[in-house]
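J.: Sharing the features that TrEMBL gives for it:
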type	residues	note
DOMAIN	B:1-103	domain 'HPt'
MOD_RES	B:His46	phosphohistidine
DOMAIN	B:298-580	domain 'Histidine kinase'
DOMAIN	B:582-710	domain 'CheW-like'
Amino acid sequence: MPISEQTRDGHLLLQLEGGLTIFQAAELKDELLQALAHAEHRIELNLAAVEEIDSAGVQLLLALKHEAASQQKTVNYSHHSPPVLAAIDLLNLAATLGDPLLIPNAR
Amino acid sequence: MDMDMARDALVQEARELLVAMENALLEIETDGASSEAINAIFRAAHTIKGSAGLFAFDLIVSFTHIVESVLDRVRNGKVQIDDAMLSLLLNCGDYIGALVDAIQNRTENEEPDAARRVVLEKQLGAYLEPPAEAPAAAALTATAKEEGPQQIEGSGGVSSDNWHLSLRFSPDVLRNGLDPLSFLHYLSSMGRIVYLHTLTDNLPPLSQLDAEASYLGFEIDFDSDADRAKIESVFDFVREDSQIRILPPHSKIDEYISLIALMPDPGRLGDILVRGGALTEVELEQALQQQQGQEIGQKPLGAMLIEQQLVPEPVVSAALSRQKQNEEKKSHEQKFIKVEVSKLDQLIDLVGELVIAGAGANLIANRKKDAQFEEATQAISVLVEHIRDAALTLRMVPIGEVFQRFPRVVRDISRELGKEIELIVTGAETELDKSMVEKLADPLMHIVRNSMDHGIEGTEDRVLAGKSATGMLRLNAYHESGSIVIEVSDDGRGLNREKILAKAIERGLVTPDHNLSEKDIFRLIFEAGFSTAEQVTNLSGRGVGMDVVKKNIESLRGEVEILSQAGQGTTTRIRLPLTLAIIDGFQVMVNDEVFVIPLDLVIECVDLAGHDARHNIVKLRGEPLPFVRLRELFELPPIQHNRESLVVVQFGQQRAGLVVDRLLGEFQAVIKPLGSLFSGIKSISGSTILGDGRVALILDVPHLVQQTAQQQHSLTQSAVAGLLTNNKTTER
């Protein structure tokens, strides 16, 4: 399963693993929709283990963000892996998908 | 997964393109530069770069990019293609080949030979001019500002030095296996992306999102020296259903207007354009004003953006030719399917078994004397024969596959030796078994090198000898009675009989009192460790090679011979059987033993009785024909039986007779190799299984023919001459 979830500090923490490409996009979309429905306010998506991303993946992240906004929820992306950073950089989407985590979480 | 297949396809395509590139380079070298050949080279480099770019194989992209830049300058006539450049480009082709190998080996992120790359890049760099300074265009803004919108529409260009690209990929682009990100990656290999804005306006809510459709659009400001066709070509693969708009630096402002007009929210795009520096604030203002003005004037904005107007003529034709190429490629793909060799071998094995089983059924039918049954098996065996032939032709490939590497070899070696040598290839379409093609390459290479090194003289010597200054090397192939013949001929100095003989005596290969025929002397050069070259060059002359050649050819059940005429040239002739698996055989019987002779080699069968046969020579239609009695050869017990038949066989130019008891007729023989126990037996080349399950031996006709010919020779001329004169006197 490329996605794993746990709850932390009252918000949903999702971990994406492996590819974030057209091959996984359809499946991921459904899972993300579900996760969003479950979440109360905020979802944090940890992208540290994303090994590969293509534009299908990028637009999925964008759409999730929009969708969350329309439901008055927040989606944050964190711990971007190098491939994700490269794509964000190329597409100049740092403002939208960069999401420096606002809450540093008690560690 | 799919990526692996795509990778294989890329590797294969790149290899084919490299071959095309090499051929075109060699063509330029022989026939002079033609725009067609230069374009072919450019196309090859460009396509390799393009496909590699899609996979983000950066090493190959960056290297090919430099090659392409040089080629572009050649194409535009800025640089003349000369000898040094040809050599450089050939070397670059080799290096791209090495990079392609790396992709195949999945080591595409490692530089195969960094030092070599640096050298090549430096040499390539010498053909590139330092980047031209961007023409100053600040003045344009000023005039635009002062003179108002009308003027701008007429001639004004915007001040930006950058290209502006507006990309709306088709929704299907991802499904087609193309990732817009790859295009952007590739684009950035041609210049610098100054500003990129990702448009997400088309992105539906997540629940309605088709995760496999592409929704993103891009507005890009791009700094590059590339020309329009080149930037266009980045998007060749998607041009058909995507909206790709490319505005060159200092485009007219109305082109931006039409771009803006296409956006649902003109202000936003205007904003993006300003942010990326494509337009200045002032220019945007003018543009928006002008747009409104035109709307009032009821001039439909869409009309301004007819794609053809934006795209200059050469781009259109480039796009067309690209499309045509794609079509050709498609039909090419439909003509061939790739099959694993092992599957093919399995099929041929099965056909072999089918042939044996069919022969068994035939035999039973004959015994039963059931006419209908016989007819049925007859029909089946005809079909089996067709299937066998069809299966065997699957393995046949044109020998051109081997020949095609020689133009380059000849070129390189003739350079190295400082000789002028022209290569003529004929019969490249002659087909032979695939497994032989692979094993032929090395022996042929040895022979060609030998011919060039030792055979063909230097230019001066040639002129002195009254020959044309340019030496000629010829590769030829043709079919001849069940064999394929491959010849390497040169018009050089020929073999030196005396020198070879002297050397052979010195090496103790023959004794001085040996009376050797010319053929025998030439054959000596195939002995291990034999070389007469006074001077060992780094190509040949080390005395390895010709014996290896002979061994390789013999391992394919073939033979090699040399014809040479002093001062005229040398021809090395390789003769190979057409197939290694199944043959049409001719069954003969001696006592109760069945032997099989390859049918292709059988010329005729005659009754021996009534012919004058003495000393193993028979007079056939006035000609002496050496023969051998198989009974004696295989030491079978004699039987009381006075009818003997003579089977005349031919191999190469020689004929011989084989005397047998009975002729049994044609038979499809599946060749089974003999065990190593029998490897010492020279007269038998293999075995086969008969319909009734018995094993029959297949005669090694080439060997038998040779043996009888030698016998005839050793009988010395006297006996033969005596026989002949005798015959002649009796005839008269």
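A Cβ is built for glycine as well, from the same backbone N, Cα and C atoms used for every other residue.
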J.: Can you count the other CB atoms that lie within 10 A of the CB of the residue listed as 'phosphohistidine'?
T.: 21
J.: Three-state secondary structure of B:His46 (phosphohistidine) from DSSP?
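T.: The residue in question, B:His46 (phosphohistidine), is helix (DSSP, three-state).
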J.: Taking helix as H, G and I and strand as E and B in DSSP, count the residues of the domain 'CheW-like' (B:582-710) in helix, strand and coil.
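T.: The counts are 20 helix, 69 strand, 40 coil.
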J.: Taking DSSP states H, G and I as helix and E and B as strand, how many residues of the domain 'HPt' (B:1-103) are helix, strand and coil?
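T.: Result for the domain 'HPt' (B:1-103), in helix, strand, coil order: 89 helix, 0 strand, 14 coil.
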J.: On the 0 to 100 pLDDT scale, where does the domain 'Histidine kinase' (B:298-580) sit on average?
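T.: Summing pLDDT over the domain 'Histidine kinase' (B:298-580) and dividing by its length gives 76.
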